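Peer 1: The following feature annotations were taken from Swiss-Prot:
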ACT_SITE  Ser739  active site, charge relay system
ACT_SITE  Asp816  active site, charge relay system
ACT_SITE  His849  active site, charge relay system
COMPBIAS  1-22  compositional bias 'Low complexity'
CARBOHYD  Asn334  N-linked glycosylation site
CARBOHYD  Asn625  N-linked glycosylation site
CARBOHYD  Asn793  N-linked glycosylation site
REGION    1-67  region 'Disordered'
TOPO_DOM  1-76  topological domain 'Cytoplasmic'
TOPO_DOM  98-901  topological domain 'Vacuolar'
TRANSMEM  77-97  transmembrane segment
Amino acid sequence: MSSPRPSTSSTSSDSGLSVDTTAYPEESKYTSTAPGAGGLSDENRYRDVEEGEAGADEPFLPSAKKQAASGSRTSRLIWGLVILCVAGWLWGLVLFVTQNRSAQQSVSEALQSHESGAISGSSSSGKPVTLEQVLTGQWLPRSHAVSWIAGPNGEDGLLVEQGEDQGKGYLRVDDIRSRKGDATSQESRVLMEKAIVQVDGRTIFPVSTWPSPNLNKVLLLSEREKNWRHSFTGKYWIFDVATQTAQPLDPSNPDGRVQLAIWSPTSDMVAFVRDNNLYLRKLSSKEVVPITKDGGADLFYGIPDWVYEEEVFSGNSVTWWSGDGKYVAFLRTNETAVPEFPVQYYLSRPSGKRPPPGLEDYPEVREIKYPKAGAPNPVVSLQFYDVEKQEVFSIEAPDNFEDDDRIIIEIVWGTEGKILVRATNRESDVLKVFLFDTKARTSKLVRVENVADIDGGWVEPTQYTWFIPADPSNGRPHDGYLDTVIHEGYEHLGYFTPLDNSEPILLTQGEWEVVDAPTAVDLRKGIVYFISTKESPTERHLYQVNLDGSNLKPLTDTSKPGYYDVSFSHGTGYALLSYRGPSIPWQAIVNTETDELKYEETIEDNAGLARMVDSYALPTEIYQNVTIDGFTLQVVERRPPHFNPAKKYPVLFYLYNGPRSQTVDRKFNIDFQSYVASSLGYIVVTVDGRGTGFSGRKTRCIVRGNLGYYEAYDQITTAKLWGEKPYVDETRMSIWGWSYGGFMTLKTLEQDAGQTFQYGMAVAPVTDWRHYDSIYTERYMHTPAHNPNGYDNTSITDMTALQQTVRFLVIHGASDDNVHIQNTLVLVDKLDLAGVQNYDLHFYPDSDHSINFHNAHRMVYERLSSWLVNAFNDEWHRIADPVPDDSMWEKVKRSLPMLVK
C-alpha cells in the first residue's frame with residue numbers, strides 16, 4: 001500500500017534541549033555492554049544453515065583391504081595427505097579465529113561508530129546510558145507524594161506522613177507551617193507509633209493506611225493480592241489512635257478477603273465490598289450489615305468489573321458516600337450476558353489454589369468476562385443506600401439510555417442529597433447529565449451534548465467534574481458545577497449554575513486546552529486552579545481564573561518550557577508543585593494565599609540526579625514540529641552524544657499514538673529510547689500524529705472510525721522527511737511500539753510496504769479491533785455493525801505488504817488479559833496462509849500486558865535491543881534467503897565445536 005503525498009510537508013524547530021535524566025545520587029554499581037557485543041560471531045549469524053551429517057567432515061581414508069595391499073610408496077602418500085589435511089585444518093583454524101575476532105570487533109565498532117568526532121550535540125565525555133540502568137530504575141527522578149488531609153475542624157495545610165522519623169512515630173499528621181517554626185501551626189499528631197500491629201496475638205504488617213476524617217481511627221490493609229491493573233484484595237483492620245490497638249474490619253470474619261473499604265465522611269462507618277457484595281460496618285457495633293446479598297460471579301456491587309475498571313474509572317471503586325454520610329451511592333454491574341475469554345497460566349496459579357492430585361501439569365485457566373467489540377456489555381445501573389432507613393433504592397431517570405446502550409462515567413455528590421450523574425451511549429458520542437435528588441427520589445435530565453454532531457468525535461470517560469455549592473454572600477446564589485466543554489474545537493472549562501442550567505459560563509477559551517481540569521477550587525476566593533497547554537501542546541503550566549471567567553493568569557514561569565503538575569491542600573492554601581522537566585525535576589511546597597506563589601520549602605531537588613547527568617553522555621533532544629495536510633504535529637528527535645552531521649545515522653521511530661495520548665512532551669525522561677541513542681548510537685524520533693491529544697479536537701477526531709490510517713500516514717510522511725536529512729541513513733529505518741504502539745507499528749509497516757521503514761518491532765499489538773474490548777474500541781470505531789468497513793480497513797490484513805519489509809519482530813505475553821494473545825495468533829495464521837516468513841516471534845509465558853513474569857520484562861528489552869542491532873548491522877538481509885552451503889570452509893566451521901569438545 002503506497003501512501004498519498006501530503007498536501008504540505010514542512011519542518012520547523014522551536015527549541016533544542018540537551019539531556020534529560022534521573023535518579024539516584026549514588027553512582028551505579030551496575031555495568032552493561034551493548035547487547036550482542038562480542039557475541040555475534042560469524043557462526044551465529046546464519047541460523048538457517050543446518051549442521052552437516054555426522055562424520056561428514058572427517059578426512060577420507062582408504063579401506064583396510066586396500067591398505068594391506070599397498071606398498072610403502074602408497075603408505076607415504078597417505079601419510080603425506082594426512083599431514084596436508086592436518087596442516088590445512090590448522091591454517092583454517094587460524095583464519096577462523098582471526099575472522100571471528102574481527103567479526104566481534106566489527107560489531108563492537110558498529111555499536112560505537114557514532115560516539116566520537118561530533119561537532120555538535122552533547123560534548124560530554126561521560127559514560128553511555130546502559131540498559132541495566134534503565135531497567136532497574138536508576139534514571140528515574142526521585143519524587144515524593146504528599147497526602148494532604150483536612151483537619152477535623154477544617155484546618156488547612158495538614159499532611160499525613162508515613163515512615164519512621166527520629167522517634168516521631170510511624171504514621172503522623174503534620175502542619176506544613178511547623179517546618180518553618182510558624183507559631184500558628186498545629187501540633188504534630190501521631191496516629192500510629194509503630195509500623196507493626198498486634199491483633200489477638202496475630203502480627204499485622206500494614207501495606208496501606210487511610211486515616212478517618214476525624215483522625216481518631218486508621219483503616220489498615222494487610223496481605224494485599226493483586227487482581228487486575230487497579231484492583232486487589234486484602235485483609236482490613238480498624239486501628240484506634242487513642243489506645244494504639246486494632247480490630248478486624250469484620251470481627252465475625254477476620255480472614256475474609258475484602259475488595260474495597262471506604263470511610264464515611266462522619267468517621268463512624270466503613271462501607272466495604274467482599275465477594276462482590278456491599279456491606280456496612282458501624283463502629284458503634286461489631287456487627288456488619290449487608291447492603292446487598294445477591295452479588296456473585298455475574299453481579300458486582302460497589303466495585304467495577306474488568307472493562308469498567310480498565311476503560312472507565314481506572315480504579316477499583318464505584319462506591320461514593322454523600323458528604324453528610326447519610327447515603328451511599330454505588331453501581332450494580334450485571335455481567336450475565338457478557339461472554340467469557342479464557343486466559344491460561346502455565347507456570348503460576350493466580351487463584352492461589354493448588355490443583356487436584358494428578359492435574360499439576362495442566363494450566364490454570366481464568367475465565368474473564370470480557371466484552372469484545374460488538375459483544376454484550378455489562379448492564380450497569382446506579383443504586384442508593386439510605387443509612388438511617390437501611391434501605392436500598394434506585395431512581396428512574398427520564399430520557400435515559402437503554403440498558404444495553406448506557407455507560408455511566410461519573411458520579412458527583414452535591415449538598416442536600418443532590419447528585420450529578422454523567423452517562424454516555426455505547427459509542428460514547430452522546431453525553432447526558434442527570435440531576436438526582438435522593439431525598440425526594442426524583443431526577444431530571446439537565447444537559448445533553450451530541451458530540452458526534454459537534455465534531456464527529458467522542459466523549460472521554462473522565463472524572464474531574466467539580467461541585468460548587470451556593471454561597472449568596474460570596475456571589476454564588478445557586479449550586480453549580482465545573483465541567484470540561486467543547487468550545488471552538490478545543491476543550492475548556494465551563495461553569496454550570498444553577499445545576500439544571502445547560503449553558504455554561506466559559507472560564508477559558510482559545511486555541512489551547514485544559515488538562516484534567518479543574519485541579520482545585522478555592523471557594524472562599526472564588527478561584528479555579530487548572531493545568532493547561534496554553535503555552536504549547538508539549539508543556540503543562542499552572543493557571544488560575546475567577547469563577548466569572550476573569551483574571552486568568554499563569555502561576556508558573558511561562559517564559560521557558562516547563563512541565564508541571566500540582567497537588568493542593570484541602571483548603572487550597574498550600575500545594576505541592578512538581579516540576580517534571582525539561583531540566584532536572586524538583587518539588588516544592590508553595591503558599592497560594594497571595595497573588596503570587598510563595599515557595600515555602602523545597603522537598604526534592606534531585607541533586608544526585610544532576611551529578612549523575614554530569615557523568616554520562618546523554619542524547620540531545622531536539623523538539624520540532626511537522627505540518628502534514630495542514631495539521632501541525634509535535635516531534636522530538638534524540639541525537640546520539642557527539643552527534644556528527646557528516647555521518648549517516650540509522651533511525652528508530654518510537655510511538656504510541658493512541659487516541660488522546662501524548663508521547664512528545666517536555667518531561668525529563670531517560671528511558672529505552674535514551675539508551676538506544678546514547679549506547680547504540682542511533683537517532684530516535686517520536687512524532688505524535690493525528691489522533692493524539694492536546695492539539696485540538698480537529699487533530700484528534702479525524703481518526704474516528706478508521707484507526708491507524710492517518711496515524712500511519714503521519715509516521716511514514718515524517719520518516720520520509722527524516723530520510724531526506726543529510727545525516728540520516730534512509731536504508732536503515734525501523735519503528736517500534738507497545739500495545740497501541742504495537743498495533744501502530746504493524747499498521748505503519750503494512751501501509752508503507754517497505755518503501756520507508758525496513759524494520760519494525762511490535763509488542764503486545766492489537767491486530768484486529770474486533771478482538772479488543774468494547775468500551776475502548778467502540779468509543780473510537782463505533783460498533784462493528786455500525787462500521788464494518790472501518791473494522792476491515794483498520795485490521796492488519798495485507799500480508800504481501802508486510803513481506804516487503806526486510807524483517808519485523810512480534811512479542812506478546814501469553815497470559816495478557818488486556819490485549820489477548822489471540823491478536824498475535826490470528827496475525828501468525830494470516831502470515832502462514834500468505835507464506836510470509838520475514839518475521840520473528842517471541843511469547844512470554846504467564847506474562848500479562850506489562851510482560852513482567854519472572855525475568856520477562858528484562859528479556860523483552862534485551863531482545864528489542866539485540867534485534868535492532870542485528871537489523872541495523874544488516875544481519876536480517878543476510879538470512880533473508882538461506883541456501884545450503886556444502887563448501888569445505890563451512891564443513892570446517894561446523895566441525896570445530898565438536899573437535900574442541
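Keep in mind that glycine also has a Cβ here, set from the backbone N, Cα and C atoms.
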Peer 1: Once the chains shown are all counted, how many other Cβ atoms turn up within 10 Å of the Cβ of Asn793 (N-linked glycosylation site)?
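Peer 2: Excluding its own Cβ, the number within 10 Å is 14.
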Peer 1: Using a 10 Å radius around its CB, how many other CB atoms surround Asn625 (N-linked glycosylation site)?
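Peer 2: Taking all protein chains shown, Asn625 (N-linked glycosylation site) has 21 Cβ neighbours within 10 Å.
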Peer 1: List the recorded positions among Asn334, Asn625, Ser739, Asn793, His849 whose C-alpha is within 10 Å of the C-alpha of Asp816 (active site, charge relay system), in sequence order, or say none.
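Peer 2: Matched recorded positions: His849, sequence order.
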Peer 1: Under DSSP, is Asp816 (active site, charge relay system) part of a helix or a strand, or is it coil?
Peer 2: coil
Peer 1: Per residue, counting other C-beta atoms within 10 angstroms of the C-beta, which of the recorded positions Asn334, Ser739 reaches the highest number?
Peer 2: Ser739
Peer 1: Express the distance between the Cα positions of Asn793 (N-linked glycosylation site) and Ser739 (active site, charge relay system) as a whole number of Å.
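Peer 2: Rounded to the nearest whole number, the Cα-Cα distance is 19 Å.
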Peer 1: Taking the Cα of His849 (active site, charge relay system) as the centre, which of the recorded positions listed as Asn334, Asn625, Ser739 lie within 10 Å of it?
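Peer 2: Near His849 (active site, charge relay system) by Cα: Ser739.
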Peer 1: Could you tell me which three-state DSSP class Asn793 (N-linked glycosylation site) falls into?
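Peer 2: Going by the DSSP assignment, Asn793 (N-linked glycosylation site) falls within a helical segment, counted as helix.
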Peer 1: Across the topological domain 'Vacuolar' (98-901), what does the pLDDT come to on average, as a whole number?
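Peer 2: Summarising the topological domain 'Vacuolar' (98-901) by its mean pLDDT gives 93.
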Peer 1: Looking only at DSSP and grouping its letters into three states, which state does Asn625 (N-linked glycosylation site) belong to?
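Peer 2: Asn625 (N-linked glycosylation site) sits in a strand per DSSP.
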Peer 1: Report, in whole Å, the straight Cα-to-Cα distance of Asn625 (N-linked glycosylation site) from Ser739 (active site, charge relay system).
Peer 2: 25
